[in-house]
Amino acid sequence: MPSAFQFQCHLVLIFLAASKGETRYLEVRDAGENDPFLLLSEDLKRELSAGQIYRRSLRCIDMLSIEGQFTFSADQPQLHCATFFIGEPEELITIHYDFVNIDCQGGDFLKVFDGWILKGEKFPSSLDHPLTTSQRYVDFCESGNIQRSIRSSQNVAMIFFRIQLPGNGFTVTVKKISNLFPCNVISQTPSGRFTMVIPHQHRNCSFSIIYPVVIKISDLILGHINGLFLKKPSASCAGVGDFVELLGGAGLDPSKMFPLADLCHSFHGSAQMKIGCDNTVLRMVSSGKHINRVTFEYHQLDLQETETRKENSIEEFCFPSI
């Protein structure tokens, strides 16, 4: 049986058939009583030409992975609503308020959060985000017309809102822009291939896959200077400023997950690991002194694979939770 965390994450991922159930994050509660999300088909995406703007109404709990103009109008008091936005790994999300009609003085609110929140856990974690937690919130009732456009720092963002008077609501336009060096990413799908590059930046970057997976690292470059790789004298990553770690756990926040493996030596080849946790994260820690790069691929782990070991596999983890 899937864990509660997997159920909630599957509920908000756009390409999954969402099931009804309980979901909680920050001030949004009992959201699972809403209908499943409107799934966006590839046919629809192909039909939208460059000159067209996709428009539709928002549900109280919704997910968007496409650009367009979206309107929410309350037909009854809506106390705990949220819209999750997700793009491709190489995209940032911009949210622009076209129209807002809410009663801030009466207790309504409309907030943008830079990232995602589920059950009080944040992605990216506070350790990996360039802004403080308070700076990641933009409250329309406080900023008003001062800040009508908000840009995310990664491929996910969300708005959450309370609108008590029927007929009130808002309209937003969502656009995506390219991100040359993606850092923190939530994968839309249970399989894929990705290369993470941190070029002389002192930052930590996490790639989150909300599935049990087989992950294979095929290329790792740490401490790249003038075409040479720095050799690490120690077999341990303790005290090393540049390394990659694999994390697993039952929540969204990488800082609260269990460390499964550390990699602090450059290599070309293949290192594979089976991780049966609800959430798998590859996290790169960079001192900013070097150009660091890691290439990896992943696919969803099935029960049959848990019984098969490969010679280049690291010890498996979290299988009881599958």
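Along the chain as shown, the residues are counted starting at 1.
Note: Cβ is positioned from N, Cα and C throughout, glycine not excepted.
Checking Cys205, Cys237, Cys318 against TrEMBL, the residue bonded to Cys277 by a disulphide is Cys318. Within the set Cys60, Cys141, the cysteine that TrEMBL bonds to Cys104 via a disulfide is Cys141. Around Cys104 (disulfide bond), the same-chain residues at least 6 positions away in sequence with a Cβ under 8 Å from its Cβ are Phe140, Cys141. Per-class residue totals from DSSP over the domain 'Corticotropin-releasing factor binding protein C-terminal' (185-306), listed helix then strand then coil: 7 helix, 70 strand, 45 coil. For Cys237 (disulfide bond), the nearest of the disulfide-bonded residues Cys60, Cys81, Cys277 in terms of C-alpha separation is Cys277.
In this model, the domain 'Corticotropin-releasing factor binding protein C-terminal' (185-306) carries an average pLDDT of 85. For Cys318 (disulfide bond), the number of other Cβ atoms no farther than 10 Å from its own Cβ, over all displayed protein chains, is 20. The two recorded residues Cys205 (disulfide bond) and Cys318 (disulfide bond) have their Cα atoms spaced 23 Å from each other. Between the disulfide-bonded residues Cys141, Cys183, Cys205, the minimum number of other C-beta atoms within 10 Å of a residue's C-beta occurs at Cys141.
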